[in-house]
Each structure stands twice: as C-alpha cells, then as structure tokens.
Ligand SMILES: NC(=O)C1=CN([C@@H]2O[C@H](COP(=O)(O)OP(=O)(O)OC[C@H]3O[C@@H](n4cnc5c(N)ncnc54)[C@H](O)[C@@H]3O)[C@@H](O)[C@H]2O)C=CC1
Ligand SMILES: CC(C)CC(=O)C(=O)O
Ligand SMILES: [Mg+2]
C-alpha cells in the first residue's frame, strides 16, 4: 500500500471538466492496484485571481511543494486577457510554477491511435504510414523566460521587446532528455531550430552535436522550424523524437496534437532533474467549448498516466490507463471534435468518455 500526495490544480475553462474525469480514472487505478492517494485541490490561474487576487496564491504554491507531483488542468481565458502581462494566469501561474520547480524537460507524446486514422487531418495515404512522435521541449528558458520590456518610446517609435537567451547548460540538459528518450524509442533525434538566423539556435546546434557524441547509437539530424512545420504535414512518419526550444516546441506540439486528430489528445509531463513533475494537457482552457460537457478528457487522463509513470514509478497503473485509453478510442468512444460532421451524432460527452476509460480499468 503506497501513500501519495498529489496537488490537483484544475484551473479555468475546460480544466475542471476534464479533471473530474482524470479523478475517476485515478479512483479506478487506486482500487485496482491498491494505491492510496491524498488529493489536495488548489485554485490556480483565473479562478485564483477571482478568489484570492493572484494567479498563484501562496497556499497553492505551498501545496505543490508539499506534494509528490502536480496534476494540472489548464488556465486562462478572455475574462483575464486584459490584465497586465505579469499578472495574467499564463505568466503569473503557469510559467511561475514551471520556473519555481525548474521543470525544464517537457515531454509531449503524440501518435495516431488505432481507430483514429480516418480522423487525422492528414491525407489518408500519409496517415497510413503512421505517426508516433515525442516532442521534447525546453520549458524553463528561452524567449518565454527572457525579460519582457515595454512599452518605451512614443508614437510610431514606441517599442517592446522580448529576449531569447539560452545557456550551454540549459541546452545540454534538454538535449540529454531527448537522447535518453530516443534511446528507448526509435533512436532518432531531430533537433528543430532556426540556425540560419538566430544566434541561440547556433549554440543549440553546437551543444546538441556535443551531446550526440555520448549517444553513438542515436541518429541526430537538424532541421529549421519552418521546414519542420511543413514536413510534419508532408511525411510525419520520418520523425521519432523532436527536440525543441521553448517557443518552437510550443508551436510544433500543437501541430502534432492536431495530426493525431485533436488538441484534446495530447498530454504532457514537465519534469525537473529530481523527477518531480507537473502533468497537464498540452492544450489550453478552450473557452470556446468550456461548460458544454464536450471537451475531450483524454489528454488529462493520459497526463495522469504520465504522472504515475514518471514521478511515482507506478508503471503498472500507468500501463493500465494507457491500455484503457487505447481501447476506448478503438471502440469509437469519442468526443465530437474528433468526428466528421456526418457522424457527429455519435459523439460522446466528456463524462461518458471518462466513465468508459474508468470502467475498463475497474
Ligand atoms: N497550459 C495551459 O494552461 C494553457 C493555457 N492556454 C490558455 O488557454 C486559453 C485559450 O487558448 P487557445 O489559444 O484558444 O488554445 P486552446 O488549446 O485552449 O484551444 C485551441 C482549440 O483547441 C480546442 N481544444 C483544446 N483542448 C480541447 C479538448 N480537450 N477537447 C476538445 N477541443 C479542445 C479548443 O476548443 C480550441 O478550438 C488562453 O487564455 C491561453 O493563454 C493556452 C495553452 C496552454
Ligand atoms: C502559456 C503558454 C506558454 C502555455 C502553452 O501554450 C503551452 O505550454 O503549450
Ligand atoms: Mg501551447
């Protein structure tokens, strides 16, 4: 019997809706594998601004510090869009948590599931070649963590800037994450950069080449971000691990999600060097569908599986969730955004999908 303490931060928009489903699945695996979890829920993001006047209240941060891992939903939304940047949920809570816990290694696994081949926006013959990519994104540096500056000057001379900055050490540790992951997969790392114009990308290439020396069995290739975005549509089967800086990984991972059929299928793990992590869907709070009971809960459920696997080493429980999700999708238990207009009447609700996954584990 294990005792784990999780900080549960559902957040805004669809966050609380999909979190309910992840908790159902957690209850099912707790039962099946005789695991004991203490779940402590905290406000974060817009809801925390409304209730406590700040996006990351001290009690939330303390709860995360006291936990074995964080299960995170998503934050932000139109209600808080006009706040100054430093108070907005995305910066004041999400980037703050990533920075505070040094969660530099962001893993975003995307694949076309069996049964969903026809729901990928890829051309059928391209989808048939397969798609199974792990985006390894640097998460605590680069342009999102450079000092924003603005606004200065006046009139048409008024300006703002963001700085992109990477140290060798920051590049080295994320490159090692990518090579370690590739060793357990198909032994290929594609490093995505813009080394034809950016100095940071020149350093990125140099350090990535150095790290590659320690992994002779892993192939390393470099590609410019614009070409990578295009190649992912032309022939994504050529990729295994895609190593990206913070900005490029943010963009490329949304593209990978959509290749699988939906933003709502892509989970993520954000891990530090001690194995502590925050686990969240790669997508956002989806204000356009929030409150309708139609959000896809799979990314949240798979984020829970990653939490069990990477931070708690509960591999059997994680495997059980992955197997149940695979069967749910191949059984055609799908939320509406995955379906075509002709068969959308067969769409299942958020809670029907969560119930089905949980029932397969029980
Ligand atoms: N980790 C986080 O908390 C993130 C927060 N955001 C924030 O979320 C808010 C909305 O951002 P958007 O740019 O609209 O991106 P988004 O990822 O929330 O939504 C983009 C599109 O994907 C769809 N989508 C996303 N998750 C889905 C799911 N589980 N099931 C079905 N469809 C899903 C949405 O309906 C929308 O059409 C913004 O405030 C943004 O800053 C954005 C990305 C990550
Ligand atoms: C606030 C953003 C950096 C969050 C996001 O888009 C992401 O982590 O993918
Ligand atoms: Mg993003």
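Heads up, the Cβ atoms here are built off N, Cα and C, so glycines get one too.
Annotated in TrEMBL:
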type: BINDING; residues: 98, 108, 137, 226; note: substrate binding site
type: BINDING; residues: 226, 250, 254; note: Mg(2+) binding site
type: DOMAIN; residues: 5-357; note: domain 'Isopropylmalate dehydrogenase-like'
type: SITE; residues: 144; note: site 'Important for catalysis'
type: SITE; residues: 194; note: site 'Important for catalysis'
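Only 250, of the recorded positions 137, 144, 194, 250, place a Cβ under 6 Å from an atom of ligand 3. Among the recorded positions 98, 108, 144, 226, the residue whose Cα lies closest in space to that of residue 254 (Mg(2+) binding site) is 108. For the Mg(2+) site, the Cβ centre of 226, 250, 254 serves as reference, and the other residues of the chain with Cβ at most 8 Å from it are 225, 229, 247, 248, 249, 251, 252, 253, 255. Sequence-distant contacts of residue 250 (Mg(2+) binding site), defined by Cβ-Cβ distance under 8 angstroms and a gap of at least six in the same chain, are 137, 144.
Residue 144 (site 'Important for catalysis') falls within a helical segment according to DSSP. Taking residue 194 (site 'Important for catalysis') as the reference point, the binding-site residues whose C-alpha atoms are within 10 Å of its C-alpha, out of 98, 108, 226, are 226.
Ligand 2 lies within reach of none of the recorded positions 98, 108, 137, 194, 226, 254, judged by a C-beta closer than 6 angstroms to any of its atoms.
Just so you know, of the binding-site residues 226, 254, the Cβ with the fewest other Cβ atoms around it within 10 Å is the one at 226.
The Cβ of 194 has fewer other Cβ atoms within 10 Å than any other of the recorded positions 108, 194. Residue 144 (site 'Important for catalysis') is surrounded by 21 other CB atoms, counting those within 10 A of its CB over all protein chains shown. Looking just at the domain 'Isopropylmalate dehydrogenase-like' (5-357), the mean pLDDT is 97.
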